[in-house]
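Asks: Dumping the structure here so I can ask a few things about it.
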Amino acid sequence: HRNVNGEVEERGHWASKVEFLLAVAGNVVGFGNVWRFPYLCYKNGGGAFLVPYLVFVVTCGVPLFLLETTIGQYTQEGGITCWRKLCPLAEGIGYGGQLILFYSCMTYIIILSWALLYLVFSFSSQLPWANCNNDWNTDDCVDFSANNSSWINKTNPTSAATQFWERRVLAISGGIEEVGSIRWEVLLCLIAMWIICYFCIWKGVKSTGKGTTFPYLMLLVLLIRGLTLPGALQGIEFYLIPDLSRLTDPQVWMEAGAQIFFSYSVGVGSLMVLGSYNKHDNNCYRDCLYLCLLNSGTSFVAGFAVFSVLGFMANEQGVPIAEVAESGPGLAFIAYPQAVAMMPVPQLWSICFFIMLILLGLDTEFVAMEVVMTSVIDMFPRFMRRPGKREKFLLLFCLICFFAQLVMVTEGGMYVFQMFDYYACNGACILFLCVFESLALGWVFGAERLYGIIKDMTGVHANPFFKFCWLYLTPMVSLGSFICSLVEYQPLTFNRWYIYPSWAYVLGWVLALSSILLVPGWALYKLSTSTGTLSQRLRHLCKPVLDDSLTKKGETELQSTEEEQLQLFTTS
């Protein structure tokens, strides 16, 4: 790209294949692999859960993963601009994906702030969540590491790790309507994480993925340690023993599908941006298959590391594993810290665990921020690719996210965090985008054309099964999952006892609809502002601007709409 002053910078490519693989691995391998998959596998029938999981991998996960990476490499553009070139009518999918990533950037970095605070506490001479001799503990506090049965006489026994999490770290209030004061320690950790994120990606996407390998080393260390603990076999049995009767439960299939869409990072445009930095002849077909195998394989292996430790906890406490197995923050900040407190040299294992969490989360956060940055820069290249513009926009983006999420570091912040995570970043909104993504690219752009693009770029004939998925299986399964998520909708609760007020549920659905409505909203906007009959407008808006190469007409259209896009983006 060049302007009259020669100031516009080149977009660039990955320096090597390894950079691409590490960046994508850092994006798709994260918290969901370490705590979400093992818990879902245990909760939904153990080894039997692998059946619906593999069905969704084959019909949705891998086909969408390959689809997004391919069109990103083909267009050499970010999410929004990619849609503008392939199917202008569906450009709202790109906007919706960027909004979901914006919400995800805020929630993910809160988890990193909690992990950083725990890491700091891990250097104490005695782990503060290991005993009940602290100011924040109540009379119902139980020190499970003492290996006694004193908890039997308690009216409402609560572990020391739980009280540290809820009363010391969160100082959680009685509900979302009680915001309370800011937790200054968490705020300082949040500032530190934003500073780290800013300086790690301010020079571009090539800075991501560097910390991907260390978490694997930590996971291997924790796996070996976990398997050597007493009771580990009991935990592995609970994790893997199949309960085939659960396969008739629709909820099991829904949760398997939700895990695939979340873990494979499809629907939001991340893979399009990462693929767009590949050279045009990169073998993205082979890369995608290996990366999908890595993602699911990591989830499966992480289950052994997690449940061997949970089995150890159950053995030490003399309780069923069902009472110590939790999902989400509960596993990372209650169950696992409680487990390491029972091990020899607990500080060492605590430091290893939270370093692993931070590095896993940082890579995902880096990519989410970089995807938003790249998408905006690709929309306005003549302005945003000038020296210094990227750094200033990144600083503005970080500040907007920081001030928007301040409510999450208050005493009522956990309720807000869960609402964003449940409604804005997962579930129906991602499923909706995936339905229309597969329809737009499989039917409007054309599965046959996609099949040919892979052959032209890689020299490899993709399996015809993918063409069948793009046309039929993926949109049907995605649509079925979306409908089931609405029919089987369960209102959000906290700790299974706190029910949110009605206005909070309304706000949650507003957050979900904010990304969903961008798809039909953008289509209606483009149809209403185009000229000609309705059929002429549809044909024009469904016709790719980029076919084999960017035509002069397409380039003129791209430049003429840039000011319009900038005004629309600023207004949004």
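Note that Cβ sites are derived from N, Cα and C of the backbone, with glycine treated the same way.
Automatic prediction, not curation, is the source of TrEMBL annotations.
Quantities reported herein were computed from a predicted structural model and do not represent experimental measurements.
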Asks: Could you pull the disulfide partner of Cys141 out of Cys105, Cys132, going by TrEMBL?
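Replies: It is Cys132, per the disulfide annotation in TrEMBL.
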Asks: Quick test of your reading of TrEMBL: among 256-277, 322-343, where does it put transmembrane segment?
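Replies: In TrEMBL, the transmembrane segment feature sits at 256-277.
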Asks: Roughly how many Å separate the Cα of Cys141 (disulfide bond) from that of Asn33 (Na(+) binding site), to the nearest whole number?
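Replies: Here the two Cα atoms are 31 Å apart.
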Asks: Please work out which recorded stretch in 100-121, 256-277, 393-417 has the most C-beta pairs separated by under 8 angstroms from the transmembrane segment (289-314)?
Replies: 256-277
Asks: Including all protein chains displayed, how many Cβ atoms other than that of Gly26 (Na(+) binding site) lie within 10 Å of its Cβ?
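Replies: By my count, 26.
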Asks: Is it possible to get the count of other C-beta atoms within 10 angstroms of the C-beta of Cys141 (disulfide bond)?
Replies: 21
Asks: Where among 100-121, 182-202, 348-372, 423-445 do we find the most Cβ pairs under 8 Å to the transmembrane segment (256-277)?
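Replies: Against the transmembrane segment (256-277), the leading stretch is 423-445.
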